[in-house]
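Engineer: Structure incoming, see below.
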């Protein structure tokens, strides 16, 4: 955020059932009842209804932005002969980037990459067997759909772009029409689409950029549509309408974790703008979940709730508004914590409180979670799995995040979970 266009558009997914969240000490019982009701099922009142339906392109995936963005299909089993036929429809926004990488699960088989280089489509192999490479005749055009298919055989690659075929030079001494196999029988592969995990397989040296920006649809292998991805990170459906700056949390448990900010408690200030699409959701959580010290901000109907715990006990404050925040407008939120003092500002309204005094405090850096908390499988080693119910995930847009008066720049190393995009918010 902060000077970078971050987010991608998509229609919000239907929220799943969630367990209730306990109200912190200092909030009224009526607020606790609201939290319980809305974490089970966020409100769908007229204030949260978009003024018009989002123009989502059905069956599409949007990639791009400063965050990790990719699909992963594991253990895709290839037939022994003539396995190599991939196809997709692509709408690029940049001149280069990885479209697809097929990585063998076992040693002894080659990998295949399909990518953009200076707007040309390129297919190339790497590993055992002959090195094959083919370049498209025509260049891609920004924001135009292109149908791309690759036929991968033992001695050649055939590449088709918008009906025009090209092929690599035939390798002598081998029969055409067969894919290279280092072992007998079908070989399972992992397919990455649109990018690679930060700590995943290495990018082939012949590809200048692993990150693709644009839209993809109709992913197929051997004429069969690929099933639901095993992993989807930083990807949302594409929009056919203008985008504006901002992170877009499109549902499906989207969350971002920033653990390299060096942010410490108990003294900290955060400021950001939000445009929620549901009545309840977690804006941010600074620290480990339910392990002091932490600072957490949630939106709940007409209330914005802020609570903290430095180790001496929870304390909280809140701001009550005349209408829900999910009204299609941007709202400014500011949080300041100074030792025992908490201050919350929501647009032109504010509130503050004092909490218990802690004799000694830990100043070690803590992670900042935006939009939600990682699942139990993603908790850090050494920390027990929390037994406290998970707060509801945020849906909507965020932008202009500042921590301690400095804008936050998102990095590829940031942790990303679920459908949160970083190439633009749907403009309203």
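Note: Cβ is positioned from N, Cα and C throughout, glycine not excepted.
Automatic, uncurated: that is what TrEMBL annotation is.
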Engineer: If I go by TrEMBL, the feature region 'Disordered' sits on one of 125-144, 145-164, 165-184, 185-204. Which?
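Structural biologist: Within the set 125-144, 145-164, 165-184, 185-204, TrEMBL attaches region 'Disordered' to 165-184.
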Engineer: Looking at the ranges 1-25, 76-100, which is given as region 'Disordered' in TrEMBL?
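Structural biologist: Per TrEMBL, the stretch marked region 'Disordered' is 1-25.
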Engineer: Within the domain 'Laminin G' (60-238), what mean pLDDT does the predicted structure show?
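Structural biologist: PLDDT averaged over the stretch: 84.
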